[in-house]
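Read through the structure below, which is laid out as structure tokens, and then see the notes.
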């Protein structure tokens, strides 16, 4: 009798194992071959025509209430730089003899930002306007746009 790690009675499992075929997939059942075979065997076959099948129609994008909700929560138009602010920036910059790139460098912004402010395409940001006010020494926010700033008493 062998001696080793296995001690005790060794038994075998004699229960039968049944192997079954996998169920056919839905795509296989819908094929023309499967439908014809079902018709030949006499099985009931149901055919359903889908609405808009084979046409170029699409489902509607979004229901009207969702679109109305978006329109009420989203602003219709983004506020742009006012014409008087644009002109004040241009006049003050030209009076100092600076190019747009030089002004941008002095306020630590890209030249494109200054260009957008002067053309009126930018949405006004208070921090950028404040930097331009300090560099150009001209009021750009509130009442009196374009008037010279009062000298600061902090120095």
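Count begins at 1; order follows the chain as displayed.
Cβ coordinates come from backbone N, Cα and C, glycine included.
Lifted from TrEMBL, the feature list:
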| type | residues | note |
| --- | --- | --- |
| REGION | 49-73 | region 'Disordered' |
| DOMAIN | 89-143 | domain 'HTH cro/C1-type' |
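The average per-residue pLDDT of the prediction over the domain 'HTH cro/C1-type' (89-143) is 92, rounded to a whole number. For the domain 'HTH cro/C1-type' (89-143), the number of residues in each DSSP class (helix H, G, I; strand E, B; coil) is 35 helix, 1 strand, 19 coil.
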